Amino acid sequence: MERSLELLLLLIRTLAIIHISQAQSQQGFISLDCGLPANEPSPYTEPRTGLQFSSDAAFIQSGKIGRIQANLEADFLKPSTTMRYFPDGKRNCYNLNVEKGRNHLIRARFVYGNYDGRDTGPKFDLYLGPNPWATIDLAKQVNGTRPEIMHIPTSNKLQVCLVKTGETTPLISVLEVRPMGSGTYLTKSGSLKLYYREYFSKSDSSLRYPDDIYDRQWTSFFDTEWTQINTTSDVGNSNDYKPPKVALTTAAIPTNASAPLTNEWSSVNPDEQYYVYAHFSEIQELQANETREFNMLLNGKLFFGPVVPPKLAISTILSVSPNTCEGGECNLQLIRTNRSTLPPLLNAYEVYKVIQFPQLETNETDVSAVKNIQATYELSRINWQSDPCVPQQFMWDGLNCSITDITTPPRITTLNLSSSGLTGTITAAIQNLTTLEKLDLSNNNLTGEVPEFLSNMKSLLVINLSGNDLNGTIPQSLQRKGLELLYQGNPRLISPGSTETKSGKSFPVTIVASVGSAAILIVVLVLVLFLRKKKPSAVEVVLPRPSRPTMNVPYANSPEPSIEMKKRKFTYSEVTKMTNNFGRVVGEGGFGVVCHGTVNGSEQVAVKLLSQSSTQGYKEFKAEVDLLLRVHHTNLVSLVGYCDEGDHLALIYEFVPNGDLRQHLSGKGGKPIVNWGTRLRIAAEAALGLEYLHIGCTPPMVHRDVKTTNILLDEHYKAKLADFGLSRSFPVGGESHVSTVIAGTPGYLDPEYYHTSRLSEKSDVYSFGIVLLEMITNQAVIDRNRRKSHITQWVGSELNGGDIAKIMDLKLNGDYDSRSAWRALELAMSCADPTSARRPTMSHVVIELKECLVSENSRRNMSRGMDTLSSPEVSMIFDAEMIPRAR
């Protein structure tokens, strides 16, 4: 009989859910059953929730499908019994359409279920766009795991990515997106990662849709020192947050009416920031002489009060600024006031942790353009997923991007689709890549005419159309100065300005170009023979770029030919003239002196002269020329040109007017002391330059002499890494180090490299850690007068005291965000770890520094607004139909 009654109640509840689900809209919901087999219905209605789930096949182009072990299926809802797993590729991404600027709940479910029979749950990273969201470790998660976040997308496209970090295979079971109410879950900065969402009831059941119209998932919780109260009356929930009515019909009060009602949670990192949302409703019938009134305290400090819960209606009290918990222990207390006759109550509450996503996504127009190109040519490259440019280690094959600074979206500067099997005409979507410098469409099957729009792309320096089947006449406008156009192997393409023969036929471009190329080759050979006769040289001669704008010559496969060809070779007399006979010396080193100069009468340059007495200097000179001819990044000092004439060797750089970072820490030479926020930005920009050398160059480079005097500052205090004389290339293959003669600056030198002569990119990371410590402390790297002479030893000893103020530069006068300071200090010590394997990569360093900068900027913005701040640090939101009582 009891069993029949249970089944009847279950049937009634199921019918009620279906009825409510039909009444409540799922508009904007994305509910993906990942790995749903093609032979199963899609969409389908999940019976317990009434939610409509669909196959994920239309939202991702990679992966294989699997199913948890059959004996485990009864423990999970249907969507969690299947999964999509990703044995191929480093990063695999879902592409979802969302509403730009609106807060969304994003939730993923991961259930291993021993689908592969190996009994080894995988570990991998979860990304939201270009930023890390969570690390998923299913080794001990029998019931799986379910990370959730509140996030405001900056575009109408959202990418959720699984990133392989080890030997195991990433997988996903369910992916859900829910648009939230306007103006809810807002932060000063960053997104909100769910920590707790609980309602207070002795029931074991959890709540979600349709009880919660936003499909937030609520777990029940009850403490042994509490007493439950409840009501059968209808409770209004019509404020912006709309917690489930079911959650509001129960509440907790302390059993000891005089005691506080306490909720506690622990923080792994004491610097973590939290937002708290507490939901109250008076569900008891109070007598005329009864009053319920209490204050809310967070970590012993008044959070809000007094609180008088509204009768059978909702009030939500929330923090509008982030909160931290000293020592990592968080404590929320509700304490009755002196005039209250009843203990405090709490119906439900939510706690979220702030997570920063500092990496800006690639320019939205560029992303749209390159995805249109991908769709037009039906390109199916495994790594063409999510953001095209960032993180840099996942940049799409065939692209190069510029990262001007940490507050500007990356832009696409190179598109290389050579030998990609392209067919059809040259798509007009290319013209929307408005910062494109290099376009390579060679060795495909493209047809039609060369489009006129290419001539309107003023940023283009190189266009390679070789090896296609293009026809018609090349637009005359593509002969503009500074543009290199290559079109060999298009027999039906007609060169601009070519004349018809007497028979009325145009000369094909290959003949014209061959004659021109032959003539140039003869001139070059004569010139080389003449120069050899005149004076033999042990240095390779680099010939200047031909001035003819349109030539049909074989395409060079250098990574950045447009950049390399722009470097100008100067004569010694030109160097003498530009420096006014070396009249203004602005620096000096072991290689020689650096003089100020001007090119073309206006462009300021720094001329680095090689001393004839410097034997090491000549090797460094050649290394620096070789490196700077093939690298280009906004945070690396640009090479304007060079001089290589007999015994006269010089490098001509852009002039960086604000000197080096060391001067702006010490105040030497009257330089202003930079504040903490500027230091963090400079550090992040220098880190971007190093990251480019490590993973953006082919082959990768190690700087080998990172120090504060080699970080220069331009007129806007943008950081530019300089002095590449000791730089070395790495093999592209499996080896991650090279053996070299020890070189570098004492104090900054990687101790592991010093003892083993094995150089790797982690050697730069160590040096950068020392630079960070200098920026934080303004202490000398080596000071023999200190008890701990090396800066890492001194900082390590001071860390034992736990007082950041004793470590920070006194010239900052305490004007810094302590959270960002601690985080930067921990990062610096991690970089300067004696063991290279324990040091982070520069990509990780960049992310950490960006997050530090976001924290510091948030503090500065808040402090600037304190004088005009009209709203309290806590906000109270009432039932929309209720007028709050006066106090």
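Here the Cβ of each residue, glycine as well, is placed from N, Cα and C on the backbone.
Quantities reported herein were computed from a predicted structural model and do not represent experimental measurements.
Scan Swiss-Prot for N-linked glycosylation site across ASN363, ASN600 and the hit is ASN363. Among the candidates ASN464, ASN861, the residue that Swiss-Prot annotates as N-linked glycosylation site is ASN464.
Around the Cβ of VAL594 (ATP binding site), the number of neighbouring Cβ atoms within 10 Å comes to 22. Under the DSSP three-state reduction, ASN432 (N-linked glycosylation site) is assigned to helix. Comparing Cα positions, GLU588 (ATP binding site) lies closest to ASN400 out of the glycosylation sites ASN143, ASN338, ASN400, ASN471. Under DSSP, ASN143 (N-linked glycosylation site) is assigned to coil, being neither helix nor strand in the three-state scheme. Ranked by Cα separation from ASN416 (N-linked glycosylation site), the glycosylation sites ASN432, ASN464, ASN471 are led by ASN464.
Sequence-distant neighbours of ASN445 (N-linked glycosylation site): residues of the same chain at least 6 apart with a C-beta under 8 Å from its C-beta are GLY421, LEU422, THR423, ASN468, ASP469. Here the CA atom of ASN471 (N-linked glycosylation site) lies 53 Å from the CA atom of VAL594 (ATP binding site).
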